[in-house]
Amino acid sequence: MTVQTFTPNQTTTLETAKKTIAEQSQNSQTTGNKIGFVSLGCPKNLVDSERILTQLRTEGYEIVNSYHDSDVVIVNTCGFIDSAVQESLDTIGEALKENGKVIVTGCLGAREDEIRQVHPNVLGITGPHAYQNVLEHVHQYAPKPAHNPFTSLVPDHGVKLTPKHYAYLKISEGCNHRCTFCIIPSMRGDLVSRPVGEIIGEAERLKNAGVKELLVISQDTSAYGVDTKHSLGFANGSPVRHNIKALSEELGKMGIWVRLHYVYPYPHVDEIIPLMAEGKVLPYLDIPFQHASPRVLKMMKRPGQAERTLERIKKWREICPELVIRSTFIVGFPGETEEDFQILLDWLKEAQLDRVGCFKYSPVEGAAANEIEDQIPEDVKQDRFERFMLVQQEISAAKLQKRIGSTMQVLIDEVDEEGAIGRTYADAPEIDGLVYLNGETNLKPGELVNVVIEHADEYDLWGSILHDAQ
């Protein structure tokens, strides 16, 4: 969808508990080394889950899909906003009820007392990206197998929870910013960039495994390398600077889709746009602007030059006319006046962004914004949210109408008896729009096909394959 509210994503190795328990045989046997796993929250958390699962699999643990068969269940939590915290606590509770042996990790794990107050019987709790600590807890309650039948079965690119044709590529951990609505730095720490050679190596393994799209993620993607003072690294024996432009250039050599997410609007982002115009990376930029009122941006501790940003967007589009810009915004931030909100709407109409997510401000325990006076009533937040959505829906619908009659390359995500569903370069998985190909049942996920766009609504496209141009 183009306009959205926040709902924590859930990726799990487990089937729905009630269905699974009902179907289990009373004679099921456990061997002491079977692990169930639930991953909540953002793609960055998903990558952490993949790393943990890869290590567990390498050590010989079996990953299973039912609470009943699991010797231990790991829940990788999200703690970004209150709804995410509640989702995490509910999931921990479900795992305790259905299995009883639960290890908790992730962002909410940084607030152990809060978890223990609700669920005192969890076996162990660790914070985010504490991979080794998670493994130590697993070793304590589900000892490593003496015989490892899976060593040769773990793929070079590790265990992935995404479909085979796309993968998230995390380039750094933590964040140096101190936005007043966010507590991520207190949970994940300051920016730590991965070595460029390590990133390129992982990307190559993913490509060799059949991945057609890399989604580059971090807390602050455009800050990549700041902590190393943009030192010189090496990838495949060649020198490469630790900065987002150089990294993007290297990734762009692989001949697959490269999509940049969570890009903070630093001045040097301007240097990436020519790479998009040249086709080295997808002309898609995910920049969380958050607001447009200078007063609100100052309270958020975000960049406050909204007019300057409009000028940059205009320049970007001149350099790369196909550029798609996705962003997220917060309405109902403490102290936001009707005048501030109107500035946001006017800016949105001027910016004509392609994909937009909207969140009603939600207090986060420990966030500095909670101390700001003039907290906004819930009914006012809802009203502003709906008005914001209407404006962006009109913008999105008009933009997609212009796609009708054009031919676009589409990456197929899924196929069923009704047809295929895919995405264009303008659409990231899970958060953006889709392309529906009715009746096209002979395609496979991961295929790239040329599609003539025939219909559009506010968010999605419909079309037919251009068979003689594939």
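Backbone N, Cα and C atoms are what each Cβ position is placed from, and that goes for glycine too.
What Swiss-Prot records for CYS42, CYS78, CYS107 is [4Fe-4S] cluster 1 binding site, and it gives sequence analysis as the kind of evidence. CYS78 ([4Fe-4S] cluster 1 binding site) falls outside any helix or strand according to DSSP and counts as coil.
Its own atom aside, the Cβ of CYS175 ([4Fe-4S] cluster 2 binding site) has 21 Cβ atoms within 10 angstroms in the protein chains shown. The [4Fe-4S] cluster 2 binding site annotation in Swiss-Prot covers CYS175, CYS179, CYS182.
Here Swiss-Prot flags 33-143 as domain 'MTTase N-terminal', drawing on sequence analysis. Under DSSP, the residues of the domain 'MTTase N-terminal' (33-143) split into helix, strand and coil as follows: 55 helix, 22 strand, 34 coil.
The average pLDDT the prediction assigns to the domain 'Radical SAM core' (161-398) is 92. Sequence annotations record features per position, and here Swiss-Prot assigns domain 'Radical SAM core' to 161-398.
Feature annotation from Swiss-Prot assigns domain 'TRAM' to 401-467; the stated evidence is sequence analysis.
Calculated from their C-alpha atoms, the gap between CYS107 ([4Fe-4S] cluster 1 binding site) and CYS175 ([4Fe-4S] cluster 2 binding site) amounts to 14 Å.
Around the Cβ of CYS179 ([4Fe-4S] cluster 2 binding site), the number of neighbouring Cβ atoms within 10 Å comes to 18. Rounded to the nearest whole angstrom, the C-alpha distance between CYS182 ([4Fe-4S] cluster 2 binding site) and CYS78 ([4Fe-4S] cluster 1 binding site) is 13. Local packing around the binding-site residues CYS42, CYS78, CYS107, CYS182 was summarised as the count of other Cβ atoms within 10 Å of each Cβ; on this measure the leading residue is CYS107. The [4Fe-4S] cluster 2 site is defined by CYS175, CYS179, CYS182, and by the 8 Å test on Cβ atoms against their centroid, the other residues of the chain that qualify are HIS177, ARG178, PHE181, ILE183, ILE184, PRO185, GLN219.
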